[in-house]
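Visitor: Sharing a structure here in structure tokens format.
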Amino acid sequence: ACNSSSGGTSTASGGGDKPYIAIVSKGFQHQFWQAVKKGAEEEAAKQGARITFEGPATEADVEAQVTMLTNALAKKPAAIGFAALDSKAAAPLLQQAKSAKIPVIAFDSGVDSDIPVTTASTDNKAAAAEAAKHMSDLLGGKGKVALVVHDQTSRSGIDRRDGFLEWMKANAPGITVLPPQYGGGDQAKSADITKSIIAANPDIAGIYGSNEGSAIGVIKGVEESGKKGIKIVGFDSGKAQIDAIKNGTMAGAITQNPIGIGQQLVIAAMKAIKGENQPKVIDTGFYWYDKTNIDKPEIAAVLYQ
Amino acid sequence: MTTPSAGTITSPASPPPTEQPANEGLTGRLRSRLQQFLAFASLIVIFAVFAIASPNFLTYGNVTAILFSTVVIGTLALGTTFVIITGGIDLSLGTGMALCAVMSGVFIVNMDLPLGVGVLGAILFGGLLGFVNGVNIAILKIPPFIATLAMMLVAQGLALVVSHSAPIYFNDTPGYFAISTGNLIPGVQFPNAVLILAVLAVISGILLNKTILGRYTYSIGSNEEATSLSGISVRKWKIIVYTLAGLFIGMAGVLISARLGSAQPATGAGYELQAIAAVVIGGTSLAGGKGSIVGTIIGALIISVLNNGLQIMSIPQEWQNVILGCVILVAVYADMLRKRES
Amino acid sequence: MTTPSAGTITSPASPPPTEQPANEGLTGRLRSRLQQFLAFASLIVIFAVFAIASPNFLTYGNVTAILFSTVVIGTLALGTTFVIITGGIDLSLGTGMALCAVMSGVFIVNMDLPLGVGVLGAILFGGLLGFVNGVNIAILKIPPFIATLAMMLVAQGLALVVSHSAPIYFNDTPGYFAISTGNLIPGVQFPNAVLILAVLAVISGILLNKTILGRYTYSIGSNEEATSLSGISVRKWKIIVYTLAGLFIGMAGVLISARLGSAQPATGAGYELQAIAAVVIGGTSLAGGKGSIVGTIIGALIISVLNNGLQIMSIPQEWQNVILGCVILVAVYADMLRKRES
Amino acid sequence: MDVAQVPSQRGVPLLRAEGVSKSFPGVRALSDVHLDLRHNEVLGLVGENGAGKSTLMKLLSGIYTADEGEFYLNGERLEVTGPKQAQELGISIIHQEFNLMPDLTVAQNIFIGREPRSGRFFLNERGLNARAMELIERLQLSLDPTRTVASLTVAKQQMVEIAKALSYDAKVLIMDEPTAALNETEVAALHDLIRRFKRPDTGAIYISHRMDELKAITDRVTVLRDGQYVGTVDTARTTMKEVISLMVGRTIVGDAKPEGVREEREVLLEVRGLSTKALLKDVSFDLRKGEILGFAGLMGAGRTEVARAIVGADKVDSGTITLRGERVSIRNPADAAKHRIGYLSEDRKQFGLLLEQDVNANIALSSLRDLFSSFGFMRDKTMRARSRQSVSALRIKTPSIHQTAKNLSGGNQQKVVIAKWLLRDCDILIFDEPTRGIDVGAKEEIYRLLNELAQQGKSIIMISSELPEILRMSHRIVVMSEGRITGMLSAEEATQESVMHYATLRPDENPADAAELGLDEIETPHPQTAEKAGER
Ligand SMILES: Nc1ncnc2c1ncn2[C@@H]1O[C@H](COP(=O)(O)OP(=O)(O)OP(=O)(O)O)[C@@H](O)[C@H]1O
Ligand SMILES: Nc1ncnc2c1ncn2[C@@H]1O[C@H](COP(=O)(O)OP(=O)(O)OP(=O)(O)O)[C@@H](O)[C@H]1O
Ligand SMILES: [Mg+2]
Ligand SMILES: [Mg+2]
């Protein structure tokens with residue numbers, strides 16, 4: 001359901017009858033971004049807008065993103081949706097958008113600039129802190145905890161790591177946190193890392209995976225090691241995590257509302273195109289979900305399979 | 001003046017210079033065996049260092065984990081060993097593997113084909129990718145680097161297109177997981193995937209050393225033109241070699257998706273360099289004509305032992321790559337020194 | 001690999017008999033000029049297709065954007081052209097560039113050195129990386145693939161270590177941005193980085209065609225053994241070539257961090273394949289001995305025009321790679337056909 | 001300087017080797033060899049394939065270091081540390097294998113490392129070409145300094161080597177089989193050059209398997225056998241027979257001659273109107289069963305091209321090939337092999353050998369499928385046994401069949417390539433310069449084998465630039481010039497003179513021009529040497 005929909009083939013002009021919104025995201029291939037894309041596409045169909053959705057291969061590829069933003073500008077869109085990998089890097093381009101009177105909507109994480117009309121984002125740090133809190137609760141406030149993080153330099157990686165670490169440091173004196181390990185969000189690599197962690201720390205009590213790929217990697221690693229009783233806390237959703245939560249392998253996870261982010265983004269963009277006023281920040285929220293609430297409609301609505 | 005037809009000349013007889021069974025023959029053969037055995041040395045040294053440094057390293061569970069983590073790269077590396085011995089290269093390994101995993105999902109999950117058929121289909125699909133590479137390289141004469149780079153991009157895109165950019169889950173086919181994580185040996189906790197890699201390595205070794213395919217692989221890498229002029233259809237055998245590598249790509253796709261329980265369309269990029277590195281660390285020359293399966297397996301093990309050991313020792317991750325790089329350098333250098341000596 | 005004492009065997013693993021330098025002499029020279037000019041053909045065809053397909057493509061702004069997006073890959077590709085002509089390869093380009101960017105940040109931001117000094121320092125640091133590669137390859141005789149793969153890992157780790165895994169921002173040195181995005185030509189909106197690339201290309205062209213460095217670069221790639229037997233210090237010149245490539249890595253590091261306004265320690269991986277692809281698409285042979293700067297620039301442009309055009313045409317992203325792969329294949333094939341014909 | 005140590009009537013020799021030994025793993029290439037090169041002389045160095053000639057020269061030029069022994073230059077102890085230093089000392093060598101950079105031009109190759117510069121770093125390309133032109137003119141070679149070496153024929157590449165060696169201000173010129181790739185005219189020109197090089201302060205060492213050349217150019221001849229010094233003779237006072245007997249130390253029966261022509265034999269291969277874009281025009285001939293058909297002509301006449309066209313190695317523009325009465329289309333050498341046609345290339349390094357593989361693999365290569373495998377699996381034992389047979393049948397000097405091909409001496413490499421084709425059971429064998437670089441004794445061996453094959457009913461095309469060989473071995477002789485067949489002679493009517501007459505005939509221009517032929521043959525591109533420089 002991706003190459004169809006509103007993107008369409010009307011390649012040429014930025015004008016046309018439908019307003020065109022160019023969205024440059026932090027990623028493309030991962031489920032999280034595909035869910036954002038899905039939300040945006042659905043909303044665009046509803047509102048009668050045309051969108052394109054692009055993102056670099058990895059969240060380290062700042063230059064590629066900047067180039068994508070440049071190319072998006074060249075298409076003279078009516079509005080731009082932008083999730084900055086590095087907000088400073090894009091500053092000149094945002095300035096350019098401003099001079100061209102193209103409104104910019106930031107999403108996922110904030111942009112260090114007052115150019116964006118509004119920002120639809122989640123507080124990743126607070127979300128990670130929430131994950132830490134649940135981990136601590138699950139362990140009764142003591143034990144050894146490891147982190148498998150998807151990236152050590154990207155905003156989301158840093159926030160989800162630091163949010164977790166800081167909460168633990170401040171609130172859980174009984175918990176020892178091992179140095180974070182980074183698996184690039186690759187499931188197989190994260191699984192191998194998890195197994196190494198377990199081998200090196202036979203007394204490990206809990207492991208936190210900072211995004212979908214890391215979390216699934218942790219689940220696989222724990223399963224493959226045959227070790228029982230390790231509490232796993234994850235991030236994002238996706239079928240594998242949902243299944244793991246349902247069958248008890250994973251204690252629970254934090255999810256944002258990617259589909260909602262996509263929708264909010266398009267709504268905000270349309271408003272900006274029409275010149276309507278809107279708040280500077282739209283909090284798209286995050287949720288803790290586990291076995292107990294996974295089937296509740298409000299949670300089910302924000303999970304993607 | 002004497003023409004070459006110098007007529008009959010008689011002079012003190014000296015024995016005809018036939019074969020001289022000098023130092024070579026038995027001792028020579030033995031020495032070269034020993035040398036190959038010595039190629040293990042780096043691996044063993046690394047292994048020993050970790051075993052001493054960390055009590056958690058040399059446990060049954062961890063050694064199995066190391067072997068398990070070698071499976072995918074190892075499988076890719078086996079196939080590409082043939083390609084590299086012909087003097088070629090295959091950059092489409094990684095994303096090709098992702099595409100094959102997706103195809104496996106399409107066959108088994110979306111089309112609901114029986115497990116065996118789906119797996120076979122995915123492997124054959126890998127063969128098809130390799131075949132296309134082979135045709136581009138052998139018939140259209142596109143340099144292997146470019147041909148497989150293009151295939152890398154195409155496979156990357158197609159994996160997303162075919163899967164609609166979403167993972168395909170094998171939840172309803174529990175048998176699929178067993179391909180990788182099941183324990184065929186009753187009672188022993190030993191993943192099938194490792195056994196499969198071992199079998200594939202043995203098959204590759206036989207193909208490379210005991211069949212004409214292997215001979216031609218070396219010949220083409222040694223001197224393509226001379227091989228062709230010896231009446232051998234270089235085109236055909238090159239296509240076969242790339243197709244074979246493609247079959248291994250397909251198997252890697254099955255193995256990785258069986259391990260993860262899902263076909264992840266966005267993975268794969270980067271695996272090609274790791275697989276090629278394993279082959280080259282194992283002593284196969286990128287210039288072609290030289291190489292061995294044993295070397296490739298050792299190369300793949302060196303990489304995964306290092307990765308695992310550094311993590312077990314809780315080296316900060318940013319230092320792990322630094323150390324990994326240095327150790328690879330030293331290991332290869334030591335190996336070269338040894339070879340030069342003998 | 002080839003010590004002077006290794007015997008006198010001339011031809012290495014027998015490269016396939018492609019390319020025939022046609023009837024030379026004046027007409028021949030003219031024809032070969034023409035042929036090189038024809039290498040533009042693919043680029044021009046691609047360019048024309050996009051220009052017709054999208055009105056947003058052929059605008060001043062977009063053409064500048066294409067050129068701008070060629071800068072980093074182009075700079076890396078220029079340096080590695082020398083390496084590839086010697087028959088080597090450099091995989092440490094990408095992460096080496098990230099490390100140099102970080103070093104630039106360390107010099108300018110952390111150590112507060114003057115802009116010029118910091119930039120020079122970063123470039124020289126790149127030279128140092130290249131020098132180490134050169135020593136490993138020329139003196140320790142480690143195969144280039146392994147030596148630079150190891151350097152790729154080391155640089156990747158060091159970039160994180162040095163930067164403490166966080167980007168370094170050049171906010172307080174606005175002059176730094178100007179290196180890349182400023183407009184040296186008064187009144188015209190034309191980024192400096194493009195001018196720098198042009199200057200670097202000219203310098204590279206002069207180095208390759210008009211100096212002994214260039215001559216020995218070709219000579220080593222053509223026949224390393226014979227070059228060495230001719231009394232040329234192959235070691236020395238190889239080290240110089242890798243060091244030169246390192247300087248280009250340093251410059252790419254400065255250019256990318258100036259463009260982004262920050263040094264991103266985790267970028268770079270993947271750039272090496274792109275840069276090498278640009279070189280090879282430009283007609284430089286990985287077997288060594290052949291290649292040109294013009295070709296490399298054309299190769300880099302082909303890649304960035306394709307990327308830009310596909311995005312401008314709003315092709316869905318998953319299809320972009322598929323098309324990119326196919327077009328590269330066709331472009332290279334067409335180029336080869338043309339060469340074979342003449 | 002220790003003059004007393006140097007026993008020589010004419011005073012101190014220019015170059016002297018004493019008690020030199022050198023071993024390779026499994027091979028004692030030289031043991032206790034000595035050699036004197038006097039001023040103003042050309043010293044021939046002969047010996048069977050693998051006798052150690054090239055090794056001795058490589059020691060002299062610093063490529064190998066001797067295990068034992070000393071060298072003296074003008075009586076002074078010589079420590080050669082490397083090729084560059086040897087050059088600086090005035091020792092210049094033309095190796096048996098080419099040492100050229102195929103992607104560089106003639107001028108660039110000649111002056112590599114000594115380019116005229118503007119400043120320290122910039123090349124003076126014009127100066128380079130001018131200097132090269134000057135040198136080429138002085139040496140009276142016909143070379144275009146701006147051509148890339150890859151596009152030259154083997155003969156021309158050899159000339160580049162010669163020009164390069166002479167461009168150094170050499171006192172000692174060493175030539176290791178410089179004429180293996182040259183024809184008579186070119187050899188004469190080279191000898192001319194050597195005579196001019198000979199001065200009271202210089203000397204040359206000349207290695208060759210062609211006895212007539214040794215007679216023509218050398219003053220004395222030193223003979224090696226199995227890595228040992230056998231003796232030195234004055235050329236003027238000995239016959240070459242004597243030299244040969246010193247060299248081989250055994251009897252050579254040199255009377256192999258094919259039976260007379262048999263017109264009545266059935267025609268196996270009919271070639272009609274073969275043309276290629278590059279060179280060949282309307283080449284037509286028949287090959288009969290059990291016949292040795294000689295192909296004569298000057299360098300570049302197109303003989304190799306005919307062979308390559310027949311086996312499908314090169315594209316054919318027009319023409320038909322009829323095999324056993326049936327028209328066949330042969331698109332590549334694999335097709336040719338299926339039709340039982342084998343081609344032994346003239347350039348063993350580039351087109352014949354797997355240098356990095358062992359002798360066994362090389363010999364077996366063509367026959368792997370037919371002889372040495374069942375269901376795709378190798379029959380290693382059979383293969384080794386047959387390889388060993390070939391090694392002893394052809395007297396290939398190698399420590400074992402597991403020796404790497406590149407470690408064999410040049411002549412022995414050639415024998416390996418021949419062995420490969422003898423194993424494969426072909427009906428038609430095309431041998432392109434089969435005896436290039438092969439010693440006198442082994443040549444006889446090969447002639448005998450060719451005869452045997454012909455008697456068994458095999459048909460053989462033998463391309464050779466050695467007229468005596470062609471005249472002696474062929475039933476019929478095809479003579480080519482500039483891509484066309486200009487003459488077809490029976491064994492009886494063929495003489496050196498008649499063959500040369502047809503070989504220098506210009507097919508499409510007035511005969512007056514024919515005189516200019518020789519060195520100055522017309523060159524057209526050819527896929528063969530388009531890539532790296534090979535070896536003769
Ligand atoms: N690098 C090497 N490694 C091992 N053996 C070698 C090497 N080079 C030469 N030999 C052996 O040394 C012996 C002498 O070889 P050399 O090349 O000197 O012979 P040659 O007299 O030049 O013969 P030819 O007439 O065939 O050229 C041969 O048996 C050869 O196999
Ligand atoms: N290896 C080569 N590379 C480039 N051109 C070649 C090559 N061989 C031959 N040619 C060209 O093709 C023409 C035919 O040469 P060919 O080798 O067929 O002649 P030949 O009679 O076999 O001579 P030779 O004894 O030198 O092999 C020559 O004019 C020559 O310029
Ligand atoms: Mg020799
Ligand atoms: Mg010939």
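Glycine is treated like the rest: Cβ placed from N, Cα and C.
Those TrEMBL annotations? Automatic predictions, nothing curated.
This is the feature table in TrEMBL:
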REGION    C:1-25  region 'Disordered'
COMPBIAS  C:1-12  compositional bias 'Polar residues'
TRANSMEM  C:37-57  transmembrane segment
TRANSMEM  C:63-84  transmembrane segment
TRANSMEM  C:91-109  transmembrane segment
TRANSMEM  C:115-139  transmembrane segment
TRANSMEM  C:146-170  transmembrane segment
TRANSMEM  C:190-208  transmembrane segment
TRANSMEM  C:239-260  transmembrane segment
TRANSMEM  C:293-313  transmembrane segment
TRANSMEM  C:319-337  transmembrane segment
Visitor: Counting only pairs at least 6 apart in sequence, do the transmembrane segment (C:293-313) and the transmembrane segment (C:63-84) share 3+ Cβ pairs under 8 Å?
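Guide: These two stretches do touch.
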Visitor: Test of understanding: applying the rule of at least three C-beta pairs under 8 Å (pairs 6 or more apart in sequence), is the transmembrane segment (C:63-84) touching the transmembrane segment (C:190-208)?
Guide: yes
Visitor: Based on Cβ pairs under 8 Å, which of the stretches C:37-57, C:63-84, C:146-170 lies most in contact with the transmembrane segment (C:91-109)?
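Guide: If we count Cβ pairs closer than 8 Å to the transmembrane segment (C:91-109), C:146-170 scores highest.
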Visitor: Under 8 Å between C-beta atoms and at least six residues away from its ends: which parts of the chain pack against the transmembrane segment (C:146-170)?
Guide: 89-92, 94-96, 98-99, 101-103, 105-106, 108-110, 129, 132-133, 136-137, 140, 176-177, 257-258, 261-266, 268-269, 272
Visitor: What same-chain residues lie close to the transmembrane segment (C:37-57): Cβ under 8 Å, and 6 or more beyond its ends?
Guide: 282-283, 294-295, 298, 301-302, 305-306, 308-309, 312-313, 327, 331, 334-335, 338
